[in-house]
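Here's the structure we're looking at; comments come further down.
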C-alpha cells in the first residue's frame, strides 16, 4: 500500500478546490442573467414573445444535457484538464456572443438562443467535476466533498442574481466602446463578468489543477488520466461489475428530485399572483426574497448533512429527504373553502380570450399576458378567468405556501447530495465520467420537463391536480427506493473489500 504523503494530500485537495470553483462558476453562468433575459430580449428583438423566452431558458439545460455525457466520456480516456479547459472556453465565448446579440439587424433572438445553449453546453463540465471528485476522495471523504460541491453550486445560483442586481446600476444605456462595437450596460456587463471569471478559472486549472486518484480506502493509485511517467493501469480494486440496477435507480430518483424542484421554482410566480393577487413586480420581488432564503437554507443543510450522514448513512437520509419533499407538496394542496380573487374586470370588459388549440400549448406566462387588453393601463390582479379552475378551487393560504417553501428547501438539498454521493460510491473505482454525464443529463432533462409540466397541468387543471400528481410521483420514487434500498451500497462493500 502506498501511504499518501503530506505533499500529495495538499496537492489533491488544491485540485478539488479548483473543481469547487468550476462548479460555482457554471451555476453563476446560468443565474447571472436569468432576471434580465426577458427585458433584454424585448429590447433587441421586438418579434420575440414569452413562448420564445421559455425556449431561451430551456436552451441552457438542453445544451448541458447534450454535453454532459460527451465531456464525461472524454474525461474517462484523457487528462481531465482537456475537457475542463475546452468546456470553460466554450462558456467564455458564448458569454461574449451574448454581449453582441444586439449587433445583427435581424434574428437577434436566435443569436441569444444560441448563446444560452452554448453556455449550457460549457456547463456540461459538471460531469467531469463530479467524476474527478469521486475518484480523488476516499469513501470517508466522499459525502463531505459532494456536499461542498453542491453547496458551491447553490451559492452560485444565489449570488448570480446578486451580481445582476449590482450591474443594474450601470443602466440600460451604459457606455459604448466603439472600437469593438461593444455596449457595456446592465444586460451585457453580467455576462462579460462571467466571461472574465471563466478566463480566471482556465488560468487556475493550468496553474494549480493536478490529476490525483485514490481508492475507497484513501490509498494513492494510478489512473488513465495521469499524464507523463505516472500513467498506468487501474488498480486491482477496479475488478468487478457495477450494479447497473442501482445505477438506473439513482438516475430515476435524481430525475424526480430535480423535476419536482424545477416545478417548485417555476410555479412560485404564477401561483402567488393567482392566489394572493400580487402584481408581477410584487411576485418577482417577494419570491426572489423567499428563494434567496431557501438558497441560504440549502447551503446550511449541505453543511449539516455531512455530519449527519456519518451517523445514519446516506440511504436513510435520502429516504428522509424524499419524505420531507412529499410533505412539502402535500401541504400545498388546496384544503379550505375560501376562493382566490378573480380578475372580474376581464368579464366587465368582455375581453376573455378564447383558448385555441395552439394556445393550449403555450406556457402559463403567455396565457396570463394575453389577458391584459391593449387599452388597459392598470395591471389586473388575481386568478385569471381563462383558468376555469379559479372559479371552484379553494385558495392556498400564504402560511401553506411559506411552510411548503421551508420544507422543500430542506428536503431538496438533502436528496441532491445523497444522490450524487450514493451514485459515486456505487460506481467505485470505475471511470465515472460517462456515468456522471448521464446523471447530469437526467437532471437537465428534468429541468426542461418540469416547467413544461407546470405550464400545462397547472394552467388547465389547477393546483389540486398539479400538486397531487407531484405527490404521486414522489410516492412512486419512495417505493422505488425501498425496492433497491439494499443494492445502494459502495462498490468496495459489495465485493467485500470494506465493511459498510
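We number each residue from 1, going along the chain as drawn.
Glycine too: its Cβ is placed from the backbone N, Cα and C atoms.
Annotation comment: TrEMBL describes 15-489 as domain 'Major facilitator superfamily (MFS) profile'.
Annotation comment: TrEMBL describes 17-40 (among others) as transmembrane segment.
The feature transmembrane segment is assigned by TrEMBL to 52-72 (among others).
Annotated transmembrane segment per TrEMBL: 84-101 (among others), in sequence order.
Look at TrEMBL and you will find 113-133 (among others) tagged as transmembrane segment. Remote same-chain partners of the transmembrane segment (113-133), defined as residues 6 or more beyond its termini with a Cβ less than 8 Å from a stretch Cβ, comprise 15-16, 19, 22-23, 26-27, 29-30, 37, 52, 55-57, 59-64, 66-72, 74-76, 80, 83-84, 87-95, 97-98, 101, 145-146, 149, 153, 420, 424, 431-433, 435-437, 439-440, 444.
Feature annotation from TrEMBL assigns transmembrane segment to 154-171 (among others).
Look at TrEMBL and you will find 191-209 (among others) tagged as transmembrane segment.
Taken from TrEMBL, the feature transmembrane segment applies to 245-264 (among others).
Under the heading transmembrane segment, TrEMBL lists 284-305 (among others).
Panel annotation: around the transmembrane segment (317-336), residues 253, 257, 260, 305, 308-309, 393-397, 400-401, 403-408, 410-412, 414-415, 418-419, 422, 463-464, 467-468, 470-471, 474-475, 477-478, 481, 485 of the same chain, lying at least six beyond its termini, place a Cβ under 8 Å from a Cβ of the stretch. For 317-336 (among others), the entry in TrEMBL reads transmembrane segment.
Sequence annotations record features per position, and here TrEMBL assigns transmembrane segment to 401-423 (among others).
Residues or ranges marked as transmembrane segment by TrEMBL: 435-459 (among others).
For the transmembrane segment (465-485), the list of distant contacts is 245-246, 249, 252-253, 256-257, 259-260, 263, 267, 315, 318-319, 322-323, 325-326, 329-330, 332-333, 453-454, 457-458: same-chain residues at least six beyond its ends, Cβ to Cβ under 8 Å. Annotated transmembrane segment per TrEMBL: 465-485 (among others), in sequence order.
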The transmembrane segment (191-209) touching the transmembrane segment (284-305) per 3+ Cβ pairs under 8 Å rule: no
Ranked first among 154-171, 191-209, 245-264, 401-423, 435-459 for CB pairs under 8 angstroms with the transmembrane segment (84-101): 191-209
Contacting positions for the transmembrane segment (191-209) when only residues 6+ beyond its ends and CB under 8 Å are counted: 14-15, 18-19, 21-22, 25, 28-29, 32-33, 81, 84-85, 88-89, 91-92, 95-96, 98-99, 163, 167, 184
Surrounding residues of the transmembrane segment (435-459) on its own chain - C-beta under 8 Å, 6+ positions past either end: 54, 57-58, 61-62, 64-66, 68-73, 120, 124, 126-128, 130-131, 134, 242, 247, 250-252, 254-263, 265-267, 270-271, 360-365, 367, 387, 419-420, 423-424, 427, 465-466, 469
Same-chain residues near the transmembrane segment (154-171), Cβ under 8 Å, at least 6 residues beyond its ends: 23-36, 184-186, 189-190, 193, 288, 292, 295-296, 298-299, 302, 413
